[in-house]
Amino acid sequence: MAKRDYYEVLGVSKSASKDEIKKAYRKLSKQYHPDINKEEGADEKFKEISEAYEVLSDENKRANYDQFGHDGPQGGFGGQGFGGQDFSGFGGGGFEDIFSSFFGGGRQQRDPNAPRKGDDLQYTMTVTFDEAVFGSEKEISIRKDVACHTCDGEGAKPGTKKKTCHYCNGSGHVSVEQNTILGRVRTEKVCPVCSGSGQEFEEPCPTCHGKGTENKNVKISVTIPEGVDNEQQIRLAGEGAPGENGGPQGDLYIVFRVKPSEKFERDGDDIYYSLDISIAQATLGDEVKVPTLKGSVMLTIPAGTQTEKQFRLKEKGIKNVHGYGYGDLFININVVTPTKISDRQKELLREFAEIDGEELSEQPSNFRDKAKRFFKGE
């Protein structure tokens, strides 16, 4: 009986993307999986779907299939010798798999029954400036796979047992014939039904359908380290996805997003504060109160202080998240020029300019001043 076109088997077009092929395979394999579908012919249908996906999901195999069809290339390489061809296109394993089939060597396959650690997960956590600076405790809710509560992660319906896999007869592998440069070769692949374990369920768990896991919202308490900065992360061991075959759970990585402060600017462990002072304070000097992370302190402004002058308060910054002391607090001075002053203040400023030997060409600051000078004939 002639094989059906692989694209037809999966119900996709020949221009289908990898994602479209994967989506079609998942839908069909779930529909015809022998553990779920007990109808006559479902077993053969599942084999056909698995075979089609194995070829179309691999770029080299797919290109070979598109060019030569099911039978592979005929007549070798058309007299071109090896010609630098990519031999991985013939069966997907290249020379290594070919000679493995003859001599029993080649790559060592990972034991499918060996314990495997679960996948690591990542969660982005937004915290305030104060929570990051001083540390805090917060509870988060994430959606993740956990061991099925019905079968306790076994995947089988409670009260039932595992049986020898009907697809591979308990070997955990199936034989696959491949067209290679050395002719038609039989190789072994991991069984797609039992994933190499050699066993399948008498009856899959009705809750998780044999997966052994279910997706749930889980609440987790997170300790925000004192001094944590934007984009830094912490690892919560064992809070990731469940392991397989008795393997440990994966880890959960918390990545922090720190909201900016309305008062300070942060650069690592250092913080910056912009302080506005008047012309009089800058000229004569003063003592002013400035905020820090832990209350206010008095700062001495020397006479003659200029805009952009910077004062440094040692160890008044943020505690280093790794425990390497504290950063500094930098005070940036901004001398503010008044926009509204009285006539008396103007008179004093003119007098100051005269004493200093300055000749001013005063300019009106608004329409009212312009009108006043116009009617005075100035």
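Each residue, glycine too, has its Cβ placed from N, Cα and C.
Taken straight from Swiss-Prot:
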{"type": "BINDING", "residues": "CYS148, CYS151, CYS205, CYS208", "note": "Zn(2+) 1 binding site"}
{"type": "BINDING", "residues": "CYS165, CYS168, CYS191, CYS194", "note": "Zn(2+) 2 binding site"}
{"type": "DOMAIN", "residues": "5-69", "note": "domain 'J'"}
{"type": "REPEAT", "residues": "148-155", "note": "repeat 'CXXCXGXG motif'"}
{"type": "REPEAT", "residues": "165-172", "note": "repeat 'CXXCXGXG motif'"}
{"type": "REPEAT", "residues": "191-198", "note": "repeat 'CXXCXGXG motif'"}
{"type": "REPEAT", "residues": "205-212", "note": "repeat 'CXXCXGXG motif'"}
{"type": "ZN_FING", "residues": "135-217", "note": "zinc finger"}
Can you work out the mean pLDDT of the predicted model over the repeat 'CXXCXGXG motif' (148-155)?
86
Please give the sequence-distant neighbours of the repeat 'CXXCXGXG motif' (148-155): residues at least 6 beyond its ends with Cβ less than 8 Å from one of its Cβ atoms.
201, 204-208, 210-214, 242
Tell me the residue counts in helix, strand and coil for the zinc finger (135-217), as DSSP assigns them.
0 helix, 41 strand, 42 coil
If you count the other CB atoms within 10 A of the CB of CYS168 (Zn(2+) 2 binding site), including all protein chains displayed, you should get 23
DSSP-wise, what's the residue breakdown of the domain 'J' (5-69) into helix, strand and coil?
46 helix, 0 strand, 19 coil
Contact set of the repeat 'CXXCXGXG motif' (205-212) with the rest of its chain, CB cutoff 8 A exclusive, min separation 6+ beyond the ends, reads 35-36, 147-151, 153-158, 242
For CYS148 (Zn(2+) 1 binding site), the number of neighbouring Cβ atoms whose distance to its own Cβ is within 10 Å equals 22
Same chain, |i - j| six or more, Cβ under 8 Å of CYS208 (Zn(2+) 1 binding site); the result in sequence order is CYS148, THR150, CYS151, GLY155, GLU214
